[in-house]
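Engineer: Summarising the annotation, TrEMBL assigns compositional bias 'Basic residues' to 1-12. Among the features that TrEMBL reports, region 'Disordered' is placed at 1-31. TrEMBL lists 62-82, 161-181, 190-210, 216-234, 254-271, 301-322, 334-355, 367-387, 430-453, 465-486, 492-513, 534-555 with the feature transmembrane segment. Summarising the annotation, TrEMBL assigns domain 'Oligosaccharyl transferase STT3 N-terminal' to 84-332. The domain 'AglB-like core' annotation in TrEMBL covers 565-659. The domain 'Archaeal glycosylation protein B peripheral' annotation in TrEMBL covers 756-840.
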Amino acid sequence: MSSSKKKSRAPKQKLPEVTIDKTVAVTSSTQEPAAEMPAAALNPEAPQTQASLASKILSMKLSLSSFLLLGILAVGLAFRMLPSTYAIRDGYVLFAEFDPYYHMRRITYAVENFPFTNVFDPYVNYPHGFFVGWPPLLDVMGATLALIVGLGNPDTFTIEIVSALLPVGLGLLAIVAAYFFVRDVFNEKVALLAAFVMAILPASIFRASFGYVDHHVLEVLLSLTTYVLFMRAVSRAKAQGLTLRNLTQNREPVIYAALAGVATAAMVFAWDGAPIFLGIIVLYSLLQYTVDAWRKDSSEYLSSVGIVTAVVALLLVGPAAVTSYHGMRFEISAIHLSLFHLILMAGLAGFFLCMEGLRLAVARAKAPWFVLPAGIVILGAIGALVVKTFLPAVFHNLEAGLTFLRSGSLVLSSISEVAPLLYWTGQFSLTLIEAFLSSAVLLAIVGMAWFIYLFPARRPSNEEIFFLTWSVAIIVLGLLQSRFIYLLGACVAIYAGYGMYKILATAGLEQLLEGLRKPVKEQSRARNPVKVPPLLIVAAVLLLLLLAPTAYASYTRYTTPEPYTMDWNQAALWLKDNSPATSFTYSANMSARPEYSVMNWWDDGNFILYRAERPAVSNNFQTGIDACSRYFIAQDEASANQIMDEHNSRYVMIDKRMTSGTLGYSIGTFENMPTLAGEDPSRYFMTYRMPQPYRSEIAYEGNDRYYGTMFSRLWYGWGCGGMSPIGGLQNGLEHYRLLYITDGVDPVMIFEYVRGATISGTSEPGAKVEIRLNVTCGDTTRIYNSIATADSSGAYSFTVPYPTGMAGDVRTGPEYTITSGAGTVKVQVPEDAVTDGRTITAGGM
């Protein structure tokens, strides 16, 4: 006898009837199964001892859902914490990629100047400084938590640990937001399955992992939260007949709309691309107005909700925009908090007012439904013309936003994350799909196909119409730019969850759950006791096997540190400890001028700004691109020195990623340098045919122009001169000496820009004179080498960057050796001769 039957014997009292929701059974209807009846609807007096464990758990719907969701969040937490296995170092945190390092700089500033963040940074775009466009919300959140944990005076390590954990917490909240979003559109089972996929999906973990201190995960959380609140307001407003005249009588939809306004304002304070998310609401509203007109339904409920949401957002954003630095100067800028955002929120309210006016006009005229969308097109054209004529700055900013989305500028075209999702290393590729969406994308395709197939056969709800609009917009964004993979990940997780649910439901899930909900007495009377359908077991196992590669992809990806991040942290820390400190480290003073800067490629500027605490010529805001591009492709040292002097640069930092993709390094960025300097990259390469068995292949090699660039001379030869990789003879650089090379996969080199010592002497007139010095770093030794020709009087001179007997990470020989046909001379050069530009006399040969 089963244990459940043993338990049912003891009580002799009669088991009261329990209300069971019958609407969850799978039918052939295309309508989604309704959510089960809440636990509150069950009889609270029912003796639970007579029910099986499964029946008891299933009867407490909210507790079961909460339990499962907590389990999913635990799984999500485990995956998102994987980078902590390698990221916590001796006294610091190894943050991911690039942008988190500037967020850490702003969080540190906010800790010291709470609750303010810097709107200007004299260390960026040296020597000009830069107005920072990032909104402040994430950085203020990080600073607040650091101050709380650090009891008002956190040290650097505390700030870094707390900040590294922040995206993890936000990522888990994003899963919760997605759960409610999906539950409102479909049902609780789809929501739980979608949340599970989101918990293990690489694309969703990407921006929410330990150490990825960036605002992107906040975008996911706030956008989904806004949509949940807005659509709850819409659905309740429609059900309760909300109008502009009875706002005070229908509190529930108005409260949801107001909360949506708060979330909308938070989006504006979190990301300068918030208009994209507002655009999705506008697109949905246009579609909903059209559908309501076709159905001959009133849309006043939608107008009312939209107006309340926009007004609340306006009340929160408006004062901040007006009192901001740019707002007080009456500037209109989409990338800085300014009057643009005041106009944006007012425009959103105006949109819903205009739509309500248009709707009323069409309704009173008793015009056909298609008059409304036609009117929308006409009003849209008129609105665009009015904005372009009377608010040209607003129109320009909106136009610039569209240019950004299609990667329509020269600078944007050089940024890898702005490239299309299906574009990798210059050609069509599924690399990013495989890396970030893995096998879950297959389930998502199934779910999307199923959803689209069923969509026309029923009367879609407001939530379903919004979901369709949102998913189409997110898919388009994701395909346009790979940077939106974190948004696309949420969409893929939802469709995958829906696909899994439909497969399980078809295999008998709903019948099983319906049977388990029946009281034990009713189950015992049934001829056929409740059994798990074999097909359901097979389907569940297959789905788990299909998701296994997704979980494995996340595990391998987030337990492996990014090599360039490790090398750049190592190099930046070395520079901080081995170079003179600069002033105004965390200052927002526009007149501040630090003592010197570091010349670098823009990819790596944030490492220098935060970890080394030194000004950078260029950084990930794409500042200083013209200067660094011209510097690294300069064909002679004099031109490069002029750029260094203009930017008061004392050090140069380069790494392997700056080499060429054309020459085989897949993530090489050299080609971007001539492109951004206005040159054709092909001028730097030559082609030849490589013989292969029965065929030949076109191969590429750098030409003299490539190996003659400042970057190549520094990277391939340490600036020491000698033979280039293709056989050309080069003199050593006169003013650049190697100081340090990291020992990782992506070596970073640090050079110091010095005045150089001049060595002069005499030999036979017209004689070729050569100077040599051993330069050693680690186990590698190169020979610093230059050649000069004595003049008619026999005089010659060299300017050299290294002292003799140099010790440390880079070591030099005890003497320079100068040779010619007339003989050999050995010369010692002290350090101060190099730094002060003094002349050393070598004498005659």
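We number each residue from 1, going along the chain as drawn.
Even glycines carry a Cβ here, placed using N, Cα and C.
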Engineer: Per DSSP, what is the residue count of the domain 'AglB-like core' (565-659) in each of helix, strand and coil?
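Structural biologist: Each residue of the domain 'AglB-like core' (565-659) counted once, the result is 46 helix, 14 strand, 35 coil.
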Engineer: Under a criterion of three or more Cβ pairs within a distance under 8 Å and sequence separation of at least 6, are the transmembrane segment (534-555) and the transmembrane segment (430-453) in contact?
Structural biologist: yes
Engineer: Mind pulling out the one from 62-82, 161-181, 254-271, 334-355, 465-486 with the most Cβ pairs under 8 angstroms to the transmembrane segment (430-453)?
Structural biologist: 465-486
Engineer: Can you name the far-off residues of the same chain, 6+ from the ends of the transmembrane segment (492-513), with a Cβ under 8 Å from a Cβ of it?
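Structural biologist: Residues 24-26, 33, 58, 178, 181-182, 186-187, 189-198, 201, 203-204, 437, 440-441, 443-448, 450-451, 467, 471, 530, 532-533, 535-536, 538-540, 543 contact the transmembrane segment (492-513) from elsewhere in the chain.
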Engineer: Grab the same-chain neighbours of the transmembrane segment (334-355) for me: Cβ-Cβ under 8 Å, and only residues 6 or more beyond its ends, written as numbers and ranges.
Structural biologist: 119, 131, 133, 135, 264, 268-269, 272, 275, 278, 282, 285-286, 289, 299, 302-303, 306-307, 309-311, 313-314, 317-318, 320-322, 324-327, 376, 379, 383, 391, 393-394, 397-398, 400-401
Engineer: Average pLDDT across the domain 'AglB-like core' (565-659)?
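Structural biologist: Taking every residue of the domain 'AglB-like core' (565-659) together, the mean pLDDT is 96.
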